[in-house]
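Below is one structure; the comments refer to it alone.
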Amino acid sequence: MSGYSSDRDRGRDRGFGAPRFGGSRAGPLSGKKFGNPGEKLVKKKWNLDELPKFEKNFYQEHPDLARRTAQEVETYRRSKEITVRGHNCPKPVLNFYEANFPANVMDVIARQNFTEPTAIQAQGWPVALSGLDMVGVAQTGSGKTLSYLLPAIVHINHQPFLERGDGPICLVLAPTRELAQQVQQVAAEYCRACRLKSTCIYGGAPKGPQIRDLERGVENCIATPGRLIDFLECGKTNLRRTTYLVLDEADRMLDMGFEPQIRKIVDQIRPDRQTLMWSATWPKEVRQLAEDFLKDYIHINIGALELSANHNILQIVDVCHDVEKDEKLIRLMEEIMSEKENKTIVFVETKRRCDELTRKMRRDGWPAMGIHGDKSQQERDWVLNEFKHGKAPILIATDVASRGLDVEDVKFVINYDYPNSSEDYIHRIGRTARSTKTGTAYTFFTPNNIKQVSDLISVLREANQAINPKLLQLVEDRGSGRSRGRGGMKDDRRDRYSAGKRGGFNTFRDRENYDRGYSSLLKRDFGAKTQNGVYSAANYTNGSFGSNFVSAGIQASFRTGNPTGTYQNGYDSTQQYGSNVPNMHNGMNQQAYAYPATAAAPMIGYPMPTGYSQ
């Protein structure tokens, strides 16, 4: 399996405890060849009297900061929307020099042309340098990575040198490979300047180089929980020297099911460590984790205390039906691609939808690429590199990329499928408007998402966004029980999908197998997939064009509003379809990107003006 050293690694870094082979979700088979991650790790019994002492309070208040009055501090915190809870919280630093970082660190900061600390850095640095446990709750793009990395360097510099067989002094746990790599990219420059070694360990990559880094000794280690547990179980590293622990995007790690692994890892670390937890939201599960792992911690919140989105993002919600999404997406992309800054992330719910939408858009000539959890690490790295450098300005992604994907110039986010929670919605749209920049988020919201409508409206109101009246109508329909085709937005899917006859799908996901709403001459138990309005008598396997479409010389015509093309053997054809992009193989290995040959159609309904008069 390309890119993965084992199937077990692949499952672990997605948060699943049971192995893919040899067991089940209920637990391993009786032979116990494979087990749950971390089951070989024994919880350590710590005697603090026997442990070597270490220092963790290095903070010296700058004279300029000492002269600052309590009223001036409070005025600054209000201006930056900083809320602090806890005892003896230090004053925020207003300038980099007030943090008293080493000269090597200040040189790197100067080269990066930073003007002043962000809000979370200003308040977080004094807390972390004081050796206090802390929780930082801040929106994405707020500079939290440096908030814990620079104090980590100071912490490491004050500890004894590593000896042979020692593990890392600083451990950063991250939920995804992408986030771990991005943290490592930031850490590498600062650690190199301070003559410290930093490494990144994650699943989906060869273990050998990662093991060699650990065996040579590294002061700083960024890791995903699954791969770290692998190395702890087989004795390739240990956490005996770890005194500075960071849980980055703790809410995301809990969402991905990593809590058991996190607890196993923390059990291997001495209890008098310094712990910093970072999160974009503050649900009860994260609060419980903080109570279990942190002691007398300082809680720092940036922005509104309730669920909130970045106010620099223009949020536009289009209430529609599922069968309308494809057409609306194409119209929207035609408008976006005419802009000079057009880097766009399209979020979908499932891996299957990601692959299908990527293939469809590339067949139509759009420079799109897809990324999700089942892609090999090599392919994911390549796709992200193409996206970051603008060679493929459209990235179609599942939630694997919704947090931690740090690309500065993403201008647009499109929620093709609305996520399961408003927390995920906020994280998704947070991929744009990084730092102080602006961005736009478009969302397709269907009656099937009605359970999230109230939360979405709350997020929009908090951010002072115009609210589509159709959203308010959905709230009324939900209260009156009319939301599912009995009033309000009429649910016309039955007529669209089955030409007046009930199509026989049992769930919404079955309905998704009909992408455009035209019937097929074939009858399948789960519904043959008829993409883009195909009406064909060709043989289907699993109803998917392009991978399991068996034509045996039969030609099927695509009628979608674009020039009719002829496809044989799925979509692998030299026939040009809508643009000059031949020979599309699984959405990859194209000769060149080409924008649609036809002139961009005028936008309908985007952007929605205030009041939504259309």
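Positions of Cβ are set from backbone N, Cα and C atoms, glycine also.
Feature list (source: Swiss-Prot):
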DOMAIN    328-475  domain 'Helicase C-terminal'
MOD_RES   S24  phosphoserine
MOD_RES   K32  N6-acetyllysine
MOD_RES   K33  N6-acetyllysine
MOD_RES   K40  N6-acetyllysine
MOD_RES   K236  N6-acetyllysine
MOD_RES   Y297  phosphotyrosine
MOD_RES   S480  phosphoserine
MOD_RES   S520  phosphoserine
REGION    477-614  region 'Transactivation domain'
MOTIF     94-122  motif 'Q motif'
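All features noted in Swiss-Prot, drawn onto the structure.
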residue : record          : contacts (Cβ under 8 Å, 6+ apart)
K40     : N6-acetyllysine : E233
K236    : N6-acetyllysine : I211, L214, E215
Y297    : phosphotyrosine : G86, L132, D133, M134, V135, T275, M277, A290
Inset, instruction - Give, as a single whole number between 0 and 100, the mean pLDDT over the motif 'Q motif' (94-122). - result: 95
Inset, instruction - On the DSSP side of things, how many residues of the motif 'Q motif' (94-122) fall into helix, strand and coil, could you say? - result: 17 helix, 0 strand, 12 coil
Legend entry - Secondary structure tally of the domain 'Helicase C-terminal' (328-475) (DSSP, helix then strand then coil): 68 helix, 23 strand, 57 coil
